[in-house]
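Listed in TrEMBL:
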BINDING   B:126-133, B:208-212, B:272-275  GTP binding site
DOMAIN    B:293-306  domain 'SRP54-type proteins GTP-binding'
Amino acid sequence: MAFEGLAERLQGTFDKIKSRGVVTEADVKEMMREVRLALLEADVNFKVVKKFVNDVKERATGQEVMKSLTPGQQVIKVVNEELTNLMGKEQSKIAVSSKSPTVVMMVGLQGAGKTTTTAKLAQFLRKKNNRKPLMAAADVYRPAAIKQLETLGTELSMPVFSMGDQVSPVEIATRSVEQAKEDHQDYVLIDTAGRLHLDETLMDELVNIKEAVNPDEILLVVDAMTGQDAVNVAESFNEQLGITGVVLTKLDGDTRGGAAISVKAVTDKPIKFAGTGEKIDALEVFHPERMASRILGMGDVLSLIEKAEFSVDEEKAKEMERKMRTADLTFDDFLEQLEQVRGMGPLDELLNMIPGAGKMKGLKNAQVDESQIGRVEAIVRSMTKKEKSEPAIINASRKRRIAKGSGTTIQDVNRLLKQFEDMKKMMKQMSSMSKGKKKGKGNMSFPFM
Amino acid sequence: MSFFDKLKNKFSNQSDGVTSKFKDGLSKTRDNFTGRMNELFAQYRTVDEDFFEELEEILIGADVGVTTVMELVEELEHEARIQNITDTRKLAPVISEKLAAKLEKREDDTRLNVQKDGLTVFLFVGVNGVGKTTTIGKVAHSFKQEGKKVMLAAGDTFRAGAIEQLEVWGERVGVDVIKQQAGSDPAAVMYDAIQSARSRKADILLCDTAGRLQNKVNLMNELEKVKRVISKEIPDAPHEVLLVLDATTGQNALSQAKTFKQVTNISGIVLTKLDGTAKGGIVLAIRNELDVPVKLIGLGEKVEDLQPFDAEQFVYGLFKELVEA
């Protein structure tokens, strides 16, 4: 869906402020309305939005913003800061019990992705934390849910504890912990059945499991696409069970994921992990600040602002801007960008987050293969200094050498050169697009804005 | 007579099981929505900016799409201005009217396209975890009840345990499931299933597919292929392509509907999990922005809790207290 990011939404107001040079209360009000809409469109719960906007308004009308030379950008900054505060600044780790095994209960609505997440988490614990997890199949209701976990266990070569679907989940959970102790597994991940937070019988069952196994973590698995109802679900699970954290799933979709804010706001429990793909290792530690940008649809505008405003090396920023504008980009810049981008998360999401990228032909449905990036990097690194700064000199013989050096084919090299040209064209397009919008020279130095 | 009066008359004399099932299933939705509406009128006496903002929030809180809400509120503001309405209570009927107009836009045909003779094929599509397989189980049950010979095609060859899940449903309902190994080409499964359904003279073939997020181009292409293979075997099939939507989904549901429509030309929507606290306001947004009717709604866990969608009943269920207050 063609969501407008906050930066785009605020453009109109920015332009007005710029031409006038001062910020009025009315401007702030208008900007707050846009902030509010952006959050609502991102599925943040309306109550949460209301409180948030009030908080931001207070800060936005304060001295620090009004006196600033770039009030419009300051507002975005304030919004982002407050949002990041709300989401929690720190990454939050999964519990480790002093007495092995650490017991983790996975709970949530039907279809949120509990079973898949259980397997992903097991893989994460083994790979990243060097642990030995046991998965316990306690979803006795959904047809073949046990089989699903068992299949995932086989794929991962990891043990799954199951007793069929004729045994009570409380018993399965209890026995699984005993089993883990016996086998010296240091984590037990209990996959429970999906249930409605309104279903008293089933919610009681979870409480009984909790009492029986005394878990160190109760993770609520929440679908990132959840709408306004996220608050009710999270509040209810938290009240009845006392959850310790949240896993946000299906973040590889094109949802803004405002549910993250809602859930955090009503439970005050950290979001610990994010599910970001179909593959079994597509589980990441949750980054609150990235989520804030995603929800606002601001892409990397913020880091651009920070760069433009606070960077000591303003020269460099100016140079970059000039390059982008004139499309005088070299492969060195490209590599630099690549490295920055790589640290930010899955690329196809990032593409969606770049303001204006949705409008670009060909970019909209761009599919980015992460392994492809490694190849691209290898190719660029196999170029000589001169080739990097003057790609035009790369002839057939040079291509052959580059391909050999990077372990790729000439076709790969050709493709990259072509993409690089396209990228330059795109930048030209972008800068002319925004030039059309603004009149005169403003403070905003980047073509995105 | 206003829209709601018409509805009221229609349903006040009707006290059959279906209506009460609707009401029970939707009670959470209704309590919340109308409760807040009533509060709104109690709190605000004069029509002003705050009043409209609050109204906006109530509608958005029901997951009615932001665009739809903004349109609606704009129309209302306009209406209030030209009619010079300052008392909020006088605006109430205008609100009902406008809301109803949004829902009443079209006469939807919610009947499922079942062929009189020969094989009818339904394809079920949607993102992960919306309840496609469960819905198929329930639909199979209801066709079986009608005395039809039903078969299922296990087209979700990707997710672990998906084939087994459909098989359990097959056993429960007492219908055959056509499957291949996990990981095989879903289009090949469909081809097989159609051949078997033909040779076993089945009336209905319900095809399951793997859940896929709509922004995954490769997976959407795969789905297009699945559909193409079906159409190649039976020219006017699939007779229904049903998008299964989770009622708890927010704004993204629209994006889902749009993209799946583009790729598979969906003919209808199944709205599941309406028995939770989710408001189902998404229906308003979908009807307002897309030309795809909701055909079935899921109101509970039981097989018989999948019901045909009745727009009038749905609206009535949502706004009953508001109308009768």
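Cβ coordinates are placed from backbone N, Cα and C, and glycine is handled just like the others.
Across all of the domain 'SRP54-type proteins GTP-binding' (B:293-306), the predicted model scores a mean pLDDT of 87. Chain A lies within reach of B:Gly129, taking the binding-site residues B:Gly126, B:Gly129, B:Leu274 and requiring a CB-CB distance under 8 A. Around B:Gly126 (GTP binding site), the same-chain residues at least 6 positions away in sequence with a Cβ under 8 Å from its Cβ are B:Lys132, B:Gly211, B:Leu243, B:Val244, B:Leu245, B:Gln256, B:Phe260. Listed in sequence order, the residues of the same chain lying 6 or more apart from B:Arg212 (GTP binding site) and placing their CB within less than 8 Å of its CB are B:Val127, B:Asn128, B:Leu219, B:Met220, B:Glu222, B:Leu223.
Mapped onto DSSP classes, the domain 'SRP54-type proteins GTP-binding' (B:293-306) shows 3 helix, 6 strand, 5 coil. In the three-state DSSP classification, B:Lys132 (GTP binding site) falls within a helix. All protein chains shown were included, and the count of other CB atoms within 10 Å of the CB of B:Gly129 (GTP binding site) stands at 23.
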